[in-house]
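Asker: Just dropping this structure here.
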There are 2 protein chains.
Amino acid sequence: MLSSRIGILGGGQLGLMLLQAAVDWNLDIHILDPDADAPCRRIAPHFQQGSLQDYDTVYNFGKSLDIITIEIEKVNVDALEALEKEGKKVYPQPSVIRKIQDKRIQKQFYTEHQLPTAPFILTENRDDTAKHIDFLPAFHKLGKDGYDGRGVQRLRSAEDLPKAFDQPGLLEKAIDFEKELAVIVARNEKGEISCFPTVEMVFHPEHNLVEYLFAPAEISPAVDEKAKDIARRTAGAFGITGLLAVELFLTKEGEVLINEVAPRPHNSGHHTIRANATSQYEQHWRAILGLPLGSTVPFGPSAMVNLLGEEGFEGPAVYEGMETLLATEQVYPFLYWKAITKPFRKMGHITIMDHDMESLREKVDFVKRNIRVISYKPA
Amino acid sequence: MLSSRIGILGGGQLGLMLLQAAVDWNLDIHILDPDADAPCRRIAPHFQQGSLQDYDTVYNFGKSLDIITIEIEKVNVDALEALEKEGKKVYPQPSVIRKIQDKRIQKQFYTEHQLPTAPFILTENRDDTAKHIDFLPAFHKLGKDGYDGRGVQRLRSAEDLPKAFDQPGLLEKAIDFEKELAVIVARNEKGEISCFPTVEMVFHPEHNLVEYLFAPAEISPAVDEKAKDIARRTAGAFGITGLLAVELFLTKEGEVLINEVAPRPHNSGHHTIRANATSQYEQHWRAILGLPLGSTVPFGPSAMVNLLGEEGFEGPAVYEGMETLLATEQVYPFLYWKAITKPFRKMGHITIMDHDMESLREKVDFVKRNIRVISYKPA
């Protein structure tokens, strides 16, 4: 399987980390990305510029390959289905991507499979949404094409209705959560399933982006087991081959609910490159190449801070404070090979390790205070 | 410094691992290698085919770059000196490479700097060597161009003299050693020095190649401190900027002697990719980019087994047993992107981790029994 010709749809930072992990096994990887200057460009064994949403481009890209995977869900699934019918291994399977691409289908899938999730109502357009004033306050989510906080709005009351998206979406009860958790789970062709330790994510208060996370999450063993059980059952219900990142809410009552899932490596697993016996990226390769899954045991507590473009700066990226970070023991910056910074753009991340949670928290605060991505041209 | 244009002379497996480590910081790396199909070929941001020993090729390669380093010592040092004079950063410095390239100068250097090494006699040619029958049994080493066991012969008695190299070399007293050790030490521009934990190497009985190693070495704290002290003093004496791998003999009397050194990442440090807080490859980047050195703390005991081409096979490489290894917890094969296997060719290595030395030793035996690199065409 290691000699297969492998394609990845998407050449962003997740692709970059997949490529880096693939060096150990000399995998022959072909990247398709619409951006000629995508993060993967410089080190991909093969790189093709092209649309991920165009049927012919995706189909032609895949037809000379053996295995096709993704690092972003917004891809042409019809083309992937055609490739799958011709005998290509397409992992995650097109049927799984299709269900997850549309948050409406995703939510219904949880209900059908008795997987716990927040109460919701499907809506067709703005007028339809307006009929559900009683359901507010709620999150209003676009069915398709939302990501990293885009395509999600908070509707507090009738006053917010005029700004509601006018497309098919769903209203989801705002959960008064205690913590946001994530479990990355891998499932291989044989149906073997393995979870990474549950992590605790802290989101940016405005921009709905992961700001930082701690691994392991500070939760009771019972909650941890509940989170992992849901992640395993969700991967099993989808029958996915590959990684599934399951984002969860821990409610104030100790209930664990699925927020959403991603069928690929995820921001909530970057720290596993440094902190776990197997990284999420290597685990993805293992899962889709028909190999045994690797140990996910952590070497110790760790944290991950997203390196977001500083507000007020747009232009060639300058990483202020890198040397300070590199002078701090077990602080590992990872940059995404993006030339231009913009406010809140994901420019890199920093993995931080320490022997105990208390010193880890202090180190995280130190890191957050000492690094910023700016540009000498203010935005 | 992270935005420098960096060149590496050599694109073999050490270059490959330097490239992999450089992904985290998006380093702009240019590789020069005589082989159009060198291991680095597929993932180098820039790759140029050309001789490492030709003045013009090396000079022209370096002149558009900011920093030049090596992954092999057999390079044109005159060209590197010219580049250094023009203000390029050449690390390790050409003067250091020149001393180490010639084992005769290297040995004299140890004597001059009171660094312990086995007794030796310089020889000019075969006739000259024949004058030193009294010094036998000894190792006879070519001054230049030996590596991986080539350029070294054992002269037991007068009978072996007719086969002696007929070039400038040295006779070195065969040391009746207890163990062979290695310490990789890094020194940055500021003169800061940091050692990796001392490792214990086991060589192939015939081929003088590292067969496997254990980290840490099973030695007393006093011997460990002696080994590290010698490594630090050697790096200081050379004034090297970059990594220095110091191979050592531990004699039966508990004395520690320098065998030889390499001014670059080394086979005795591959395991640090998985087993230490900073790998030797990242440490080399830190040292030559003027950055603070990273922590070398190990996550636990580890071992490294070299994956050598099986005797009797030559042709397209087949890795028999990979799936067995990948099914074993914390066993990490790393392949060198070499299409063709030959007897004893270094095709990859396997890092092995475990919680204690006893189970680690068992796992090493298991790994050695279960993997081989063959070809379907016998040699």
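Cβ atoms are placed via backbone N, Cα and C, with glycine included.
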Asker: Check TrEMBL for me: it has A:K141, A:E172, A:K173, A:A174, A:I175, A:E180, A:N259, A:E260 binding ATP, so pick out which one of A:K99, A:K103, A:K226 it puts in that same site.
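Answerer: It is A:K103, as the record lists it for that site.
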Asker: Identify which of the binding-site residues A:E172, A:E260 has its Cβ surrounded by the largest number of other Cβ atoms within 10 Å, counting every protein chain shown.
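Answerer: When each Cβ's neighbours within 10 Å are tallied, A:E172 leads.
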Asker: Taking DSSP three-state, what's A:E180 (ATP binding site) in: helix, strand or coil?
Answerer: strand
Asker: List nothing but the largest Cα to Cα distance in Å, as a whole number, among the residues A:K103, A:K141, A:E172, A:K173, A:A174, A:I175, A:E180, A:N259, A:E260 that the record says bind ATP.
Answerer: 19
Asker: Does anything in the same chain, at least 6 positions from A:E180 (ATP binding site), have a Cβ under 8 Å from its Cβ, and if so what?
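Answerer: A:E200, A:M201, A:V202, A:F203, A:E247, A:L248, A:F249, A:L250, A:N259 - these are the non-local Cβ neighbours of A:E180 (ATP binding site), listed in sequence order.
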Asker: Can you tell me whether DSSP puts A:E172 (ATP binding site) in helix, strand or coil?
Answerer: strand
Asker: Taking only same-chain residues 6+ apart in sequence, whose CB is under 8 Å from that of A:K103 (ATP binding site), what do you get?
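Answerer: Non-local contacts for A:K103 (ATP binding site): A:K141, A:L142, A:G143, A:K144, A:G146, A:G169, A:L170, A:E260.
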